[in-house]
Each structure stands twice: as C-alpha cells, then as structure tokens.
Amino acid sequence: MGLPTLAMDSKRHPEISSDAFDRRMGKHQIERRAPFASVNMSEEKPVDFLRILFEGSIAGGAAGGVVETALYPIDTIKTRLQAARGGGKIILKGLYSGLAGNIAGVLPASAIFVGVYEPAKQKLLKVFPENLSAFAHLTAGALGGAASSLVRVPTEVIKQRMQTGQFTSAPNAVRTIVAKEGFRGLYAGYSSFLLRDLPFDAIQFCLYEQLRIGYKLAAKRELNDPENAIIGAFAGALTGAVTTPLDVVKTRLMVQGSANQYKGILDCVQTIVREEGPTALLKGIGPRVLWIGIGGSIFFGVLERTKILLAQRRPAIQKSESAKND
C-alpha cells in the first residue's frame with residue numbers, strides 16, 4: 001500500500017507548497033474558472049533535487065512502514081477473500097503471516113516512490129500551466145509507482161503467497177519460487193500490478209494534492225495533522241473502491257504460482273466472470289476500502305509530519321555547516 005510538495009522557503013512555513021499558497025492568499029488571486037486547483041510556481045527557487053529526494057525517501061519509508069505494520073491483518077483478510085475461488089472458506093488465523101518480509105520490501109519501495117514522486121512533481125509543476133497542476137500530480141504519481149514497482153512486485157508476490165498459506169517464511173518463499181518458476185516467478189502478475197497500481201497511485205496522489213490545495217485556499221491557512229489525515233483517508237478510500245476489480249485480477253495472477261490457471265489479464269477477467277459471476281471482481285472491496293482509507297490517513301499524516309520535522313532540522317544543519325566554514 002502508496003505527497004504534497006516540500007516547501008522551498010522554510011522561513012514561511014515548513015509545510016508543503018506553503019510559499020505558493022502564501023503568495024496566492026496575499027494577492028487574493030483565486031481563479032474560480034480554473035478546472036483544477038492551481039499552484040503558482042513562477043517565483044519558486046530552483047528545485048534542490050538531492051534534498052527533496054533524500055527527505056522524500058525518509059518520509060516515504062517511515063509512512064509506508066507504519067501503515068503496513070498497523071493494517072497488515074486487514075490486508076491479509078482482503079487477500080484471502082480475493083484468492084478464494086467460488087465458495088471457498090476464509091481462514092482467520094495467521095493474519096500477520098509474512099509481515100517481517102513484507103516490511104523489508106515496503107520500506108525501500110515506499111522510499112523509492114516518494115523519492116521519485118517529490119522531485120518529479122516539483123519539476124512538472126514548473127512545466128504545466130498553473131491551472132493544470134492536477135496533470136503534474138497524476139504524472140508524478142505514475143512515475144513514482146513505475147519506479148517503485150521493481151521492489152513492490154516481488155514484495156507483493158511473496159507477501160500474498162504467505163498470506164494464503166503457501167509458505168511459512170519469506171526466505172523459503174523466495175527460494176521455492178525461484179526454483180520452480182525461475183526469477184520471473186517473483187514478478188508474477190507484473191503487468192496486472194502496473195495496470196492496478198499506476199492508475200491507483202496517480203489518482204490517489206492527485207486527489208490528495210488537489211483536495212489539499214483547495215482546502216488551503218478555502219481555509220486561507222495551512223492544514224493541521226488531522227486535516228491532512230482526513231483528506232488522505234478520503235482520497236485512499238475512493239481510489240481503493242474504484243480500482244478493486246484490478247486488484248482482484250492482480251491477486252489471482254500473483255497467487256496462482258506454477259499452476260497457471262490464468263493465461264493473462266484478459267483470460268483471468270473472463271474466467272472469473274464466467275465461473276463466479278461479475279460480482280466476484282468486487283471481492284474484498286470492504287476490507288480494501290477500509291484498509292486503504294485508514295492507511296491513507298496514517299500514510300499522509302505520517303508523511304506530512306515527517307517532512308515538517310525534516311524541514312525544521314534544515315536551518316540548524318545549515319547554520320552548523322556555515323559555522324564550520326567560518
């Protein structure tokens with residue numbers, strides 16, 4: 001389970017995009033006819049790529065680790081519901097099965113995602129017109145998802161096979177999958193993962209960013225932690241519900257192993273609809289929406305707070321370096 005812009009002027013406020021927001025509020029230039037919420041990037045300083053990459057990676061890793069640890073049992077139930085064919089029973093034991101191995105993959109995957117998303121967003125916001133900032137967020141979200149998929153997919157494959165009881169430990173899962181299916185087995189369902197996660201990442205982060213910008217313009221102030229968490233929960237829950245059919249297909253392809261019950265994405269969809277009915281594509285929607293909704297709240301809340309803490313440390317570090325040079 002997948003972050004607003006780091007402030008370029010820490011004297012204003014350590015929050016994200018606060019400089020653009022402050023200028024906008026000071027000039028009272030809210031464009032009512034703009035199709036999307038907008039951010040004025042015309043006066044921004046050059047993007048400090050390495051700093052944004054570093055801080056984004058730390059914030060993303062922290063947020064991803066907290067979410068996975070807190071909500072793993074709900075994810076396990078969702079996976080078992082989606083993997084069960086027909087009227088298969090759902091086992092409620094071992095809900096934390098595979099957590100340790102999953103955390104080991106989630107931390108770097110989340111760090112890569114946010115580390116790519118933040119600088120990409122900063123750059124794209126300068127490229128797109130002010131009233132089309134949503135497209136910058138959509139594109140940055142897709143880029144972050146594509147980059148992190150190289151780590152997220154093997155992590156997801158191992159996690160879901162442990163959740164469904166196929167393996168008892170992550171190392172054993174890796175060895176067995178590689179032995180029976182080859183290295184490609186770790187990337188089973190990769191195309192379906194991208195089909196689900198690229199739209200999911202793009203939509204979720206775009207919704208979050210646009211809602212956050214709009215809320216700040218309406219409230220004429222910076223958002224606090226509970227408000228960031230509520231917006232994150234709404235964006236996550238809505239996106240999770242819309243992408244549930246894609247998640248079902250992804251799960252079936254990832255857990256099938258060497259049995260090869262499905263020949264691909266289209267065959268998987270057709271087989272599910274033919275054998276179980278169209279409603280089977282919505283299996284696990286309840287736990288998924290709950291999991292991603294709560295997860296979005298925690299993820300974005302932790303993310304924003306971590307960014308603020310890192311931004312607050314920046315002046316102290318800069319003063320220390322200046323003193324050394326003197």
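Every residue, even glycine, has its Cβ placed from backbone N, Cα and C.
Look at TrEMBL and you will find 1-24 tagged as region 'Disordered'. Marked as compositional bias 'Basic and acidic residues' by TrEMBL: 9-24. Per TrEMBL, repeat 'Solcar' is recorded for 51-123, 132-214, 227-309. TrEMBL lists 90-114, 134-153 with the feature transmembrane segment.
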Intrachain residues whose Cβ lies under 8 Å of the transmembrane segment (134-153), provided they are six or more past its termini: 2, 36-37, 105, 108-110, 112-114, 116-118, 120-121, 124-125, 127-128, 186-187, 189-190, 193-194, 197-198, 200-206, 209-210
The repeat 'Solcar' (132-214): DSSP-derived helix, strand, coil residue counts: 74 helix, 0 strand, 9 coil
Residue counts (helix, strand, coil, in that order) that DSSP gives for the repeat 'Solcar' (51-123): 58 helix, 0 strand, 15 coil
